[in-house]
């Protein structure tokens, strides 16, 4: 058995590779077509102009789906590992899953509302993706801390804490530099500005802001790398239990099935 066939570690691997490929493909296409400058444009700028915005949106939507799937598996895994009477850990687990779904929703908004067409919605999506996503990382780091050393090792906790600090440092850097850039270019539609000239007003904070955004995206990807070893130890299965031997609203006679009464579809049950 190959390593990526163990448990469900293929999910975080697919999420990381697919998301990285989305950013790289959009960047290369935008550079080749000269829609943006080669020196670190915003990630959103590389998915603003057709044709790259079409592929960028499609691929990022897939990333959002993979993100929800990965976070759901993580939620079910912790649910199985934590005692049912431990209200603090179970509450944090539910909060983390809700935050993860919010971050994935924001990713869909970013993918489908370009900054040059509907900037307000794009900004909401970015806040959901990065802001709520950072809170998701924080909650998962807190869970790793509370579950050591019996369930999580100290090394896993310190690794996730390092990524968490990296994430929040990138957010602060991007926020501060963006505020300086917008205040410097007051009265200019910065959201529609795709080309920058070195030395022009706002150029330096713009570069700091774009570096911070790429750093933030990289920190998100790096965090899901820490799930790979954990996901090797879980499998999920779906079970169907039929509650009737037909699908009519009224009664219809039919020989009883040897498989027994049936149809209910419970949530996926995890096995550690």
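Including glycine, each Cβ sits where the backbone N, Cα and C put it.
The model shown is predicted, which means the values in this text are computed figures rather than measured ones.
Sequence annotations record features per position, and here TrEMBL assigns domain 'CWH43-like N-terminal' to 9-234.
Summarising the annotation, TrEMBL assigns region 'Disordered' to 250-272.
Marked as transmembrane segment by TrEMBL: 7-35 (among others).
Taken from TrEMBL, the feature transmembrane segment applies to 55-75 (among others).
Sequence-distant neighbours of the transmembrane segment (95-113) (same chain, 6+ residues past either end, Cβ-Cβ under 8 Å): 44, 47, 56-58, 60-61, 63-65, 67-68, 71-72, 74-75, 121-122, 124-130, 132-133, 135-136, 139-140, 143. Feature annotation from TrEMBL assigns transmembrane segment to 95-113 (among others).
Under the heading transmembrane segment, TrEMBL lists 119-139 (among others). Counting only same-chain residues 6+ beyond the ends of the transmembrane segment (119-139), those with a CB under 8 A from a CB of the stretch are 44, 71, 92, 95-96, 99-100, 102-103, 105-111, 113, 160, 163-164, 167-168, 171, 191, 216, 220, 223.
Taken from TrEMBL, the feature transmembrane segment applies to 160-183 (among others).
Per TrEMBL, the feature transmembrane segment maps to 203-228 (among others).
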